[in-house]
């Protein structure tokens, strides 16, 4: 057995880890799907639980020696149920995509019709995109946003549901900044005999604390990731109140699409759920929303347009067409200035997904650092400076302005440090 520490045994990997730690410390993370986990979550994920194979479920394993991994999985399950007020939870999905696959398979066989939000309008790959399993093994029909309000077009959802009679309607998105009306989705599902699957991956942390309406009791199945606003390890989870669906979900996860669960990740999920049950986490999610509103307001003051006119959650989609610049160029310029985000298509974007006409911004990670509204207003002003420089330079950006902004980013990062003891 190799007993050397990582630095001495594999300095190349250690160097990359050190560089990534430096990046996280010295850049302001604005990618809406990312967050910063606690040392306790990292300790659980980096524990000896990684050594244990545990096919099956607690007390029903196909391997011996599962007494202690059973404890952490039961803790994760019970805490998830408490957190979201539901009867059943499966914490084994390795990702949100696998959670969605199992949820769909638990309801409808291959070839069935599903109705989900178009990727081009803010949906997720797994909601029916042609390049994804959901658009290949299912007959996927896509709804979108109202052209004027840029909110979910429920008239279109209803019309498509009546026409295609889907087995599943999917509610949820990856780039949608407004509250989702689950009751309206339920009404449409009931009218056509469809099951409602809510993918709350992006806003699960807000749901946990009442900062976003809960999908329950409207949803038949709820899927989520365990990172993003929930601030846990990267992974997935499936929730339901239906006992029969719970049994089907379990069998679709194992042995359906996965083998052994990642017990070290499940241990980290359990820790994150305990954190999310604390009063401090509610304060955190409230601040996430306040910060998003503050950031959006400053961007609008700076002449940028927010898709749908604002935000109700943790993210916003910034339309750059008025500046005649691309999301790709803007993403690169912001990163050079120490502000990390991602290019993102806007509704009906004429540019390719690799170029785009927008960027997506989110507040969860920087809020974890301690950023408040004042700090996010400062961040917003920095973003506007960089965007204006990209526009003035025909997309190239201005190295001098980026360097000036980076100094101010450094000052904010020093004011709100992370991982000081690592």
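Keep in mind that glycine also has a Cβ here, set from the backbone N, Cα and C atoms.
A quick note: this is a predicted structure, and the numbers were derived from the prediction, not measured.
Taking all protein chains in view, 24 other C-beta atoms sit within 10 angstroms of the C-beta of residue 119 ((6S)-5,6,7,8-tetrahydrofolate binding site). The DSSP secondary structure for residue 119 ((6S)-5,6,7,8-tetrahydrofolate binding site) is helix. For 119, 123, 124, 125, 244, 352, 353, 354, the entry in Swiss-Prot reads (6S)-5,6,7,8-tetrahydrofolate binding site, with the evidence type sequence analysis.
Sequence annotations record features per position, and here Swiss-Prot assigns N6-(pyridoxal phosphate)lysine to 228. Just so you know, the Cβ of residue 228 (N6-(pyridoxal phosphate)lysine) picks up 28 other Cβ atoms within 10 Å once every protein chain is counted.
According to Swiss-Prot, the site 'Plays an important role in substrate specificity' annotation covers 227. Secondary structure from DSSP puts residue 227 (site 'Plays an important role in substrate specificity') in coil. In sequence order, 33, 34, 35, 37, 233, 234, 235 make up the list of same-chain residues 6 or more apart from residue 227 (site 'Plays an important role in substrate specificity') whose Cβ falls under 8 Å from its Cβ.
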Please determine which of the binding-site residues listed here (123, 352) has the lowest count of neighbouring CB atoms within 10 Å. 352
I want to verify one value. Collapsing DSSP to three states, which class is residue 352 ((6S)-5,6,7,8-tetrahydrofolate binding site)? coil
What count of other C-beta atoms do you get within 10 angstroms of the C-beta of residue 125 ((6S)-5,6,7,8-tetrahydrofolate binding site), across all chains shown? 16
